[in-house]
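Asker: Pasting the feature list from TrEMBL:
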- Arg48: NADP(+) binding site (BINDING)
- Arg125, Ser126, Ser127, Gly281, Lys296, Pro297, Thr298, Pro299, Ser300, Arg322: FMN binding site (BINDING)
Amino acid sequence: MAGNTFGTLFSVNTFGESHGPALGVTIDGLPAGIKFDLDFIQSEMNRRRPGANSLGTTRNEGDEIEVISGVFEGYSTGCPITMIIKNTSQKSQDYSAIKDVFRPGHADYTYTEKFGIRDYRGGGRSSGRETSMRVAAGAVAKLLLKEIGINIKAGTIQIGDVKAKKLDFDHTFNNELSCPDEEAAILMRDKIKDAKDNLDSIGGIIECHVSGMLPGLGDPCFDKLDALLAHAILSIGACKGFEIGSGFESAKLYGSQNNDKMHVKDGKVTFDTNNAGGILGGISNGNNIIFRAAFKPTPSIYKEQETINKSLENVKIQIKGRHDPCIVPRAVVVVEAMTAIVLADRYLVWRAYESR
Ligand SMILES: Cc1cc2nc3c(=O)[nH]c(=O)nc-3n(C[C@H](O)[C@H](O)[C@H](O)COP(=O)(O)O)c2cc1C
Ligand SMILES: C=C(O[C@@H]1CC(C(=O)O)=C[C@@H](OP(=O)(O)O)[C@H]1O)C(=O)O
């Protein structure tokens, strides 16, 4: 049970390490005949790739997608699709400090406890670099969802204590944080730079909006759509919180305030508000899906820290390596990708077994 596969009818299996020769993904279940827009997939990879701007890690990778299988003359064949990217900017020698010493907040200790062996060249499989292939798979899922009019857009709404005030997701976000509020984005950028200058890191919150939803996706019991989304989003490294619709705020409300009043207008069902976040009883209600994901501050910081080593001695650690002072800007597209994978999967399940 190594937990590298996700999804049922649209299943995604990733492989590869941060400092190995390559990372890859195999997708099974994409129907034949979907136009395989490689430029779009590459543009999604570029939104996450390390080294793209000064807010992220200085590791600089091209993350150029190579398609190995499942595509012929520009269309999916219905057979497994395999894609890879080659690692080109490894500096594994920078990681001697973490060979036998566990970084606080990272997965070094738990991987060693579980497997007894750990690829200490960077984070190995626990590196955020693993999410590159989720983005590739998510881009393919988006190609399928585009055909049925489902659109997914995420943005940064909080860094540290700086919050976006304007939450209109209908316009283009012209900043590297994908923040809907351009003025707040300037303050957020400063917050990340301050953390970096102080040899520290900072966390934040991403909000995701899904429009064009059809009602009926998701199961009424264990595989509730909101539960599957929570699973997918919390499986992203450093994601520590998930809330849908009014989420934790709903605990402060009365039912009369939290219920989304329903009406029929021109023969169509409408909701006055969207406190449900587009899902009722585990099933999409046709309204936009809206959720938020909280990311902790990057664990690898350059300040000296107290920790332990493999011999169970108390030691100090001084991390070198190349790290993101904040994970959020690069995780925005990862959140979209995991959302797309869940929705593509549930759409195929609905189409195969459930549609009336
Ligand atoms: C896109 C992305 C980039 C990340 N960059 C870093 C990084 O540069 N340094 C680091 O220590 N952790 C980084 N992380 C977080 C670690 O991968 C994560 O904290 C680690 O795997 C431990 O898992 P946990 O925080 O979920 O418990 C990144 C995560 C993501 C999703
Ligand atoms: C390389 C990427 O980000 C990395 C995420 C990461 C981590 O520990 O999560 C640590 C750093 O890399 P390394 O594995 O070399 O230590 C980051 O640069 C990437 O996301 O593509």
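For all residues, glycine too, the Cβ spot is worked out from N, Cα and C.
In TrEMBL, annotation is done automatically, which means it is predicted and not curated.
Not measured: the values here are computed from a predicted model.
Could you tell me the structural context for the features on the list?
Answerer: Sequence-distant neighbours of Arg48 (NADP(+) binding site): residues of the same chain at least 6 apart with a C-beta under 8 Å from its C-beta are Asp63, Thr131, Ser132, Val135, Arg330, Ala331, Val333, Val334.
Here the Cβ of Thr298 (FMN binding site) has 25 other Cβ atoms within 10 Å, regardless of which shown protein chain they belong to.
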Asker: Take the Cβ of Lys296 (FMN binding site) and count every other Cβ within 10 Å, whichever protein chain it belongs to.
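Answerer: Here the count is 16.
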Asker: With the Cβ atom as the reference point and anything under 6 Å counting, tell me which of the binding-site residues (Arg48, Arg125, Ser127, Lys296, Thr298) are near ligand 2.
Answerer: Ser127
Asker: May I ask which of the binding-site residues Arg125, Thr298, Ser300 have a CB within less than 6 Å of any atom of ligand 1, listed in sequence order?
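Answerer: Near the molecule: Thr298, Ser300.
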